[in-house]
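I have placed the structure first, in the form of structure tokens, so that the comments after it can refer back to it.
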């Protein structure tokens, strides 16, 4: 793709997300989301491959459906209340608005587009899709969280954690695994959206850090399949060790960063006397733990017979390593800082 065109699309992505995040008006927020969607489509199709075009088409159709439902809900809300203010939607329209935004996020059971779209795009586009594109809808959900239906968030959250673990078990494609990982993590975040929006935001920021670190590691290693990552140890042992630790952090094992949102969310659910929800969430998250541990085993504890004899790192040395290093450190070492972060 022409660098100038790519820069224009990336600036449009930034403008669309910023417009949505800063708006208090439903129509302006909707326009920001549309700019975001339309700016990403050419980036998804920068490699002229049938899979990329198919992924872009699926992404456009699902986002257009969610946008149509969101605009319809906003219009009815304006008709009922006489205003377009985001912070106090009409009770009748909160549920369809929430469902439209959750469809944009890719929460189960409205998740069917996400694994297929991620699988059809390059890793760099998958990184944008899994992190930056989820920020504007999440900000909108946080703004309407006081009025959101608690039963809806609990059902969507538990379903997403279940589907995120169940769907990832049989996968061999790393991008699909990351898609189901995203669904599972967003399920945890949505569970306590109404009960504690600040904790939801905190968990979402940590999700973005860990997902960015994982995608940057995969980009550095140029791997998209389990069969490729299983022979990457001799290419870059230090990078593979870091990748293994990031996977364990995504799984939520202590003493890594990924443990703190899960611990705080379970404590919040118990504090709200939602013992059954907390128990179901922990049990269903064991499914996700299984495929993270399986991937960890393949990454570092097995040595493929077709490994490279050379220990040179020329394959990965040409890529920018500083962003990967910074995000990896954050994805692994933030647990001791939890009390200080929560007091900010």
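Count begins at 1; order follows the chain as displayed.
Note: Cβ is positioned from N, Cα and C throughout, glycine not excepted.
Quantities reported herein were computed from a predicted structural model and do not represent experimental measurements.
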59-80, 125-146 - the range that TrEMBL marks as transmembrane segment: 59-80
Positions on the same chain near the transmembrane segment (201-221), where near means CB under 8 A and six or more residues out: 123-124, 126-127, 130-131, 134-135, 138, 142, 174, 178, 181-182, 185-186, 188-189, 192, 228-229, 232, 235-236, 239-240, 242-243, 246-247, 249-250, 257-258, 260-261, 264-265, 316, 319, 321, 323-324, 327-328, 330-331, 334, 341-342
Positions whose Cβ lies under 8 angstroms from the transmembrane segment (92-114), at least six residues beyond its ends: 33, 58-59, 61-63, 65-67, 69-70, 72-74, 76-77, 80, 134, 137-138, 140-141, 144, 147-149, 152-153, 156, 159-160, 162-164, 179, 182-183, 186-187, 190
